[in-house]
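Among the features that TrEMBL reports, domain 'BEACH-type PH' is placed at 172-269. Residues or ranges marked as domain 'BEACH' in TrEMBL: 273-558. The feature repeat 'WD' is assigned by TrEMBL to 608-649, 692-722, 741-782, 783-824, 864-899.
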Amino acid sequence: MQRFSLLLLNLEEYYFEQHSADHIQHRGSCDERKIRGSLKICSKSVIFEPDAISHPIVKIPLRDCIQIGKHGESPASGHPATAKCPGISLTFSQVYFIKEHNIVAPYRIERGKMEYVFELDVSRKVEDVVETLLQLHRASCLDKLGDQTAMITAILQSRLARTSFDKNRFQSVSEKPHLECKAEMVTPLVTNPGHVCITDTSLYFQPLNGYPKPVIHITLQDVRRIYKRRHGLMPLGLEVFCTEDDLCSDIYLKFYEPEERDDVYFYIATYLEHHVVEHTAESYMLQWQRGHLSNYQYLLHLNNLADRSCNDLSQYPVFPWVVSDYFSPSLDLSNPGTFRDLSKPVGALNKERLERLLARYREMPAPKFMYGSHYSSPGYVLFYLVRIAPEYMLCLQNGRFDNADRMFNSVAETWRNCLDGATDFKELIPEFYGDDVSFLVNSLKLDLGRRQGGQVVDDVELPLWASSPEDFLQKSREALESSYVSEHLHEWIDLVFGYKQKGEDAIGAHNVFHPLTYEGGVDLNSIEDPDEKVAMLTQILEFGQTPKQLFVTPHPQKITSRFRVTPPISSCNDSPASPGEESFEDLTEESRRLAWNNITKLQLQEQYKTHKEAVTGIAVSRNGSSVFTTSQDSTLKMFSKESKMLQRSISFSNMALSSCLLLPGDATVISSSWDNNVYFYSIAFGRCQDTLMGHDDAVSHICWCDSRLFSASWDSTVKVWSGVPAEMPGTGRHQFDLLAELEHDVGVDTISLSATSALLASGTKEGMVTIWDLPTATALHQIPCHSGAVCATAFSPDSRHILSTGADGCVNVVDVQTGMRISSMASDKPQRCFIWDGSSVLSGSESGELLVWDLLGARVSERIQGHSGAVTCIWMNEQCSSVITGGEDRQIIFWKLQY
């Protein structure tokens with residue numbers, strides 16, 4: 001049983017090598033005896049681990065050594081005084097005894113001049129070990145901490161330079177190495193130096209000291225996520241996960257140069273591109289908003305993306321306090337008063353305390369901060385986890401536990417202190433919402449001391465409403481996933497990961513911490529004095545760090561049942577959908593969902609060449625029998641689906657037509673034209689009944705709703721017209737009234753309406769998507785979505801999101817409430833048109849294919865061959881079972897869902 005751990009080392013200490021050895025007690029006397037074990041040579045100490053667990057581990061700090069040499073050698077002459085096999089002699093003034101009787105407890109310290117002798121199994125190594133110890137002793141005795149660090153670093157780098165990765169450790173003889181470099185494996189509070197090697201199939205790490213095993217191996221095929229990390233405020237970290245949702249990673253590496261980290265990241269990321277979808281904060285946000293990720297899962301993903309890691313206690317994942325009632329006998333999750341105000345940081349929850357802090361803040365010289373401690377730090381993490389991670393606490397606190405009264409004794413008491421304490425502003429850790437109760441129970445039977453009242457520190461005292469540790473975690477998780485928290489969690493995200501983290505918004509939210517806690521708060525490379533640099537880094541790491549900022553605009557709210565609506569399917573075609581052969585009563589949300597779940601099974605039924613140029617618009621009668629199409633050949637055509645013949649061909653001018661739609665009643669078709677006009681064609685009378693001459697350049701797109709016509713034009717306007725009746729009169733011209741004019745900087749290529757027609761989205765030639773509030777005719781958000789022209793836009797069925805495609809090949813999702821772009825995916829070709837249900841997209845590509853996009857999985861799930869040129873327009877019936885597309889190949893194609 002190995003009792004040694006890297007946690008027995010000091011912070012920033014390295015374990016170099018080990019030797020099988022005997023600790024000789026009372027050497028040369030009749031009481032001489034040998035204790036068998038392993039001698040560990042570390043950068044700041046010597047550690048002896050006895051094989052017998054009845055003996056304590058011995059740790060001798062090198063700085064406390066008075067003399068180091070070969071036992072039996074005269075210090076003056078350097079020659080042996082006896083013929084007995086030489087050992088290593090250490091004379092010192094202080095020694096630590098650890099895990100006595102194999103019990104995890106505070107270290108016992110003995111002081112006074114002592115000598116220990118160790119005999120190595122391989123006697124010829126004694127001289128080398130002594131030389132190493134003398135060198136490390138000189139480093140430990142340097143006056144300046146910066147000089148100590150520099151000398152130890154030089155020794156480490158020399159050792160790494162003399163070794164390389166052992167390729168005999170490859171899993172297969174056919175593996176081809178691609179990259180090798182030096183690095184350190186990071187675990188909480190400690191790092192372990194060694195060599196990284198990447199082959200065509202694997203990632204390897206070989207520790208310099210062979211601990212905890214000779215080589216760590218990860219198959220690239222198993223990797224699911226990979227993140228670049230800040231480590232010690234420097235861009236040197238890389239963390240690899242072989243699971244989707246686990247809290248802890250499979251390996252965390254710290255490199256010595258950012259370029260080496262980036263090379264390894266690039267190689268693994270390139271491999272993953274062909275196997276795994278890379279998720280961004282925005283793609284996770286979309287999944288969370290739409291209920292595909294729980295609040296717990298979403299917070300874990302945000303922590304990961306913001307450099308928070310279980311392997312770095314100064315950047316441990318942070319979770320919010322959500323419950324404020326720890327004193328009632330029952331927990332009422334339907335009562336808003338049960339919950340903490342998630343729009344405020346912990347330090348601002350107590351109004352009186354906040355006023356005192358603000359008074360100090362106003363009088364403080366720059367740089368100002370409101371809180372003298374952080375909401376997450378190594379000390380706070382281990383405060384919560386001491387019962388399952390006692391050795392980490394002992395490592396952090398030089399072999400001691402914290403004072404019994406400052407321990408994590410009671411959940412209610414901890415919450416009360418966070419509300420009232422002068423310097424306590426800590427949040428929670430993920431374990432409070434997990435399913436492992438170990439951190440709440442003293443199952444290791446640790447002696448954590450007695451409180452002032454005489455009570456023994458044992459299990460954590462739980463709230464009255466929790467009948468057991470399991471019940472406490474279960475109810476805490478229910479609170480985290482409750483409706484109240486789901487509706488307000490975005491406010492806490494704004495504080496910790498979002499736009500209220502820094503700047504004026506942070507000041508307004510009373511969310512200002514010490515400048516050194518923020519990313520970029522200090523440039524370590526600009527500090528020339530090594531002592532100052534080491535001291536600064538130590539201060540920052542012990543104080544805690546603010547997560548990397550993920551969002552710079554307000555975070556959207558989660559879509560909960562309270563806000564959810566189910567309007568018709570959203571698409572970028574603008575004519576009313578028809579029910580086709582099925583009866584309207586059969587149209588249910590479930591049938592639509594079933595259709596979209598099987599959208600990849602779309603089958604081509606028929607195709608017809610109806611025009612001489614590209615098809616630009618499709619409209620279909622309610623019974624599905626007549627299909628109207630417009631084209632750049634300047635014609636509006638009527639095609640009979642039943643007879644499969646062209647029935648009419650109408651030309652209004654010699655200019656291209658850009659779109660069309662059918663008015664309710666199926667009596668009138670409206671077409672927009674590049675000749676600046678909009679034409680109203682009476683199907684019954686077979687002629688153009690009216691012409692709207694309302695623009696100074698080509699009309700690019702039209703929509704219709706509630707007797708209002710919306711027209712977009714290259715003259716940089718979108719105009720809203722009234723006076724368009726549901727059915728045009730048989731004779732006479734009509735008067736159109738301009739209700740609103742929405743002005744843009746450049747030409748508008750596409751528009752779409754929300755389900756309630758209260759909002760309009762416009763897309764311009766320069767890639768700008770604007771969300772307009774129609775009742776006030778004002779722009780709510782302007783979002784630069786694309787680097788080229790916007791091809792199409794459409795609201796999601798619940799009007800919470802807008803999807804846009806552009807000439808740059810990007811498919812973007814924007815949150816309507818905040819204007820934040822929450823998802824962006826790239827395709828090899830522009831997607832010229834699309835329809836979507838809020839989670840999946842069916843798009844028409846410039847390649848002629850139909851692409852099915854899984855927005856939540858951030859991937860293209862199917863490519864369906866269709867047109868021989870770009871797909872330019874698309875229509876879907878209301879039950880989502882039939883699709884018609886038009887293309888540059890002058891064809892219309894009828895598609896049917898087969899499942």
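Each Cβ is built from the backbone N, Cα and C atoms, and glycine gets one as well.
Within its own chain, the repeat 'WD' (692-722) has Cβ neighbours under 8 Å at 574, 655, 658-661, 663, 670, 672-680, 736-753, 757, 760, 762, 765, 772, 774, 777, counting only residues six or more beyond its boundaries. Remote same-chain residues near the repeat 'WD' (608-649) are listed as 573, 575-581, 655-662, 666, 669, 671-673, 679, 681, 683, 686, 869-870, 872-875, 877, 882, 884-892, 894 (criterion: CB distance under 8 Å, separation of at least six residues from the stretch ends). Secondary structure counts, DSSP: the repeat 'WD' (741-782) has 0 helix, 26 strand, 16 coil. For the repeat 'WD' (864-899), the list of distant contacts is 568-569, 571-573, 575, 577-580, 582, 586-587, 591-592, 594-596, 598-620, 624, 627, 629, 631, 633, 639, 641, 659, 832-835, 837, 842-852: same-chain residues at least six beyond its ends, Cβ to Cβ under 8 Å. Per-residue pLDDT, averaged over the domain 'BEACH' (273-558), rounds to 93.
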